[in-house]
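For reference, the structure is listed below as structure tokens.
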Amino acid sequence: MDGIATDVAVGVKRGSDELNLYSTSPNSVTANGNDSSKKLRVEDRMESPPSRVLHIRKLPSEVSETEVIALGLPFGKVTNILMLKGKNQAFLELGTEEAAVTMVNYYTAVTPQVRNVPVFIQFSNHKELKTDSALNQRAQAVLQAVSAVQEGGSPNSDTSALDSVLAQAPSPVLRIIIDNMFYPVTLDVLQQIFSKFGTVMKIITFTKNNQFQALLQFSEPVNAQQARLSLDGQNIYNSCCTLRIDFSKLVNLNVKYNNDKSRDYTRPELPAGDGQPSLDPAMAAALNKDSSLLGTPSGMVAPYSSGGGFQSSLSYSQGGAISPLSAAAAAAAAAGRVALSGHSGCSGVLLVSNLNEEMVTPQSLFTLFGVYGDAQRVKILYNKKDSALIQMSDGNQAQLAMSHLNGQKMYGKIIRVTLSKHQTVQLPREGLDDQGLTKDFTNSPLHRFKKPGSKNFQNIFPPSATLHLSNVPEDVTEEDLRQLFSNAGGTVKAFKFFQGHKMALLQMSTVEEAIQALMDLHNYDMGSNHHLKVSFSKSTI
């Protein structure tokens, strides 16, 4: 990749300079007040087994806790963080080993960047991260604030560590800069996002230094701090519109007009003032003295451009809180890299090997890889039928599919997924019989991501034993579905209807069984013009 230092790599090799913070347990890493805890121990260079604790090195010195947490958020819940700013390192603990493996797999293909600086991510040989809140106070508070908001609650104000951070809020006014603004951001969009953290009183939008910016005033400084901790570095829309947030030196906004540029929600009677500037001269002068954000923004980059639709990475659950970033935003989240459709810098063609040639078909590959993007063409190689080429819509979809499916078990064999050197999958010459090994799915009605703004963009998850079923006919019973999926091969361990019988969660015994069931039963005709929709779920029953 252009501009990437050659000594930066991503993988599972143990680095020689991983920090060993001695603890009572050999499988945990602890931060405490002893000087000996800060000693470096040279590790043998060896392959480290997967762990939910990841070691991140070569971080820029000015990196924030939010930016480090943002590296892991798309892949699952981040449960702990230890910042070692003096050494430009950090440890990040994810909720599950599966999430950590997905994260490392993705960053094996795409070099992660923070503030445009390539960083090194690898498994730690520690299985658990223990931190002393007194020494790691701010990082823990940031993590708590982000986690609480994602889970639909509000940060626990009784926590002293969080109190100390929130008490630092100097102003109820935030200065917001929108980077990578490929889609318009409206005043109403900002109000929708930030109102999840408290009462938004006023907003003023403007352009300065060719950047779209906004000033947003909460009723209380503590709400502004919570919003900044949770949203700084996040995307509004997939792949773009990254929020860079800091406090303004202003403590009150003077809004003169209610229009598409400014709004005072406490004074609905204000005139529209069409054609009038939203900032009065005094505020404009104060703004020029406002502190700028430092450093080159990194941001979290989601995998897809939604093709003109405004599908939000900061989607909201029914409870009104920000949902966790989906694994869609996920596994493609290379911090600091904007990869819109057609601009990903890599081919959209995948090479899949070690397939079960007795079982695999172009249709089964289309269905499985179609969970992570719109597969256009599939070719099983004529002279090597355990391998296939799959052309996705773009390089982002290809990388997303690779990060989730490489190493998964399909029809009894662990498949390998890599990027192909081919730019397209060639169709057979007209009149040539290739035994049905090549299929063109360009015009398939089964593409999940063709519709801009589709909810499917927010519901991409790693292969799991639990499947999400939708478009279930009203007259179909639990027993009917259990029987259907049992016949596909495997054992149904658990089942649950929801959304008034229209949807269900169904858990198979293994991930492999779930993969096979999805390939066999996605788009299955249930009768009455109901075709069953099957996808992987992040939930458990």
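From the backbone N, Cα and C atoms, a Cβ is placed for every residue, glycine too.
Per TrEMBL, these features apply:
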REGION    23-47  region 'Disordered'
COMPBIAS  23-35  compositional bias 'Polar residues'
COMPBIAS  36-47  compositional bias 'Basic and acidic residues'
DOMAIN    52-136  domain 'RRM'
DOMAIN    174-250  domain 'RRM'
DOMAIN    348-422  domain 'RRM'
DOMAIN    465-539  domain 'RRM'
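When DSSP labels each residue, the domain 'RRM' (348-422) comes out as 19 helix, 21 strand, 35 coil, counted as helix, strand and coil in that order. DSSP labels the residues of the domain 'RRM' (174-250) in these numbers: 22 helix, 34 strand, 21 coil. Mapped onto DSSP helix, strand and coil, the domain 'RRM' (465-539) counts 21 helix, 24 strand, 30 coil.
Assigned with DSSP, the residues of the domain 'RRM' (52-136) fall into helix, strand and coil as follows: 27 helix, 30 strand, 28 coil.
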